[in-house]
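Asks: One structure, pasted below without further comment.
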Amino acid sequence: MTPASRSNPACSLTRFLIEEQRGGHIGPDLRLLIEVVARACKRISIEVGKGALGGVLGDAGTPGSASINVQGEAQKKLDVIANDVLLEANAWGGHLAGLASEEMDHSMPIPDVYPRGNYLLLFDPLDGSSNIDVNISVGTIFSVLRCPEGVTVPEDEHYLQPGTEQVAAGYCTYGPNTTLVLTIGRGTHAFTLDREIGSFMLTTRGMRIPEETAEFAVNMSNQRHWEPPMQAYVGDLLAGTTGPRGKDFNMRWVASMVADVHRILTRGGIFSYPLDAKCAAKGGKLRLMYEANPMAFLVEQAGGAASTGRGRMLEVQPTGLHQRVPVFLGSRAEVAHAERYHREHDTGRSAAAATG
Ligand SMILES: O=P(O)(O)OC[C@H]1O[C@](O)(COP(=O)(O)O)[C@@H](O)[C@@H]1O
Ligand SMILES: [Mg+2]
Ligand SMILES: [Mg+2]
């Protein structure tokens, strides 16, 4: 980091990345990759901002014949638009060997006609799809891995690397403002889009998640479907000052992971999408490779923790591109509490007794 960017609040993403490159922390290809993703996010932000005026709301496909993605979920028009924007921006290669998306059954190698680079890009082009039509924040999440040595045409199996192997990760929220949050393994930094000049500007260097919290995020409508340790954990949060935790907790649930995680990076909290009876057969609701892992990397780099409830998220060995996992992330001490309930349950001891 040069003295200029440390003292000058008007540091653009471009300048930030050039300084990281000059400092030897990233190479030119990774810098270009992040710039290209950021440019695509600007385009998506413009499309999201058009709302009903741009004809971008509602379902993809034709009336009576919804478009369904590999997850078996109905696609929104913006899911498809955002995916196309990211594909178009990245498919000409140079910096990438291949890419994979929530909206595509399989990964896609960069076409033969273009030069292939050394990185693999995975993304959730539009996160929080259920909020698109109701004008609530949505976002894009991305993760960058190295293409394994000697692989010239990457296939799905080459993406199956644990989250510890990520070289960069980030998300962009499309809300009242558009903010890109990025890590290249040297802290987590927020860049707000200055719409007048069209550049992402560094607005928070080194985000820090408070270790303790009194705020949790979970979809409470699933409560009766949760496993016993999750029932016990949230039961004790709800008991507040009258329960073993001895303090009252507030609850927030946006139902856009990007917005919930952004709140946690800003003021702390715990976000959870646990196993429940509805998603247990699939392993969870959220996807490891392009939702849980990039968010886990960002949260750890901000001093927080990310877990499946039974182990560190970034150490999960992936078995499938669209694999799902239970997710607990945020304030370190609170994630440790949630893990303890699972551990005590699995070993037949009482977490409440241990907490008290
Ligand atoms: O509607 P639910 O069950 O509360 O689930 C909300 C969760 O699902 C997601 O929308 C899943 O992401 P997609 O919109 O990319 O499928 C998360 O952003 C969010 O945390
Ligand atoms: Mg998502
Ligand atoms: Mg999505």
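Just so you know, glycine gets a Cβ as well, placed from its N, Cα and C.
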Asks: Of the candidates Glu19, Glu20, Glu291, Glu300, which one does TrEMBL list alongside Asp124, Asp127 as binding Mg(2+) 2?
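Replies: Of the residues offered, the record points to Glu291.
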Asks: Looking at TrEMBL, which one out of Lys50, Lys282, Lys285 binds substrate in the same site as Asp127, Gly128, Ser129, Ser130, Asn219?
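Replies: So, going by the record in TrEMBL, that would be Lys285.
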Asks: Quick test of your reading of the structure: among the binding-site residues Gly128, Asn219, Lys285, Glu291, whose CB sits under 6 A from ligand 3?
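Replies: If the test is a Cβ under 6 Å from any atom of ligand 3, the answer is none.
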Asks: How big is the Cα-to-Cα gap, in Å, between Ser129 (substrate binding site) and Glu102 (Mg(2+) 1 binding site)?
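Replies: A Cα-Cα distance of 12 Å.
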Asks: Looking only at the domain 'Fructose-1-6-bisphosphatase class 1 C-terminal' (209-342), what are its DSSP counts of helix, strand and coil residues?
Replies: 63 helix, 23 strand, 48 coil
Asks: When you average the Cβ positions of Asp127, Gly128, Ser129, Ser130, Asn219, Lys285 for the substrate site, which other residues in that chain have a Cβ within 8 Å of that mean position?
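Replies: Going along the sequence, the neighbours appear as Asn131, Ala255, Ser256, Met257.
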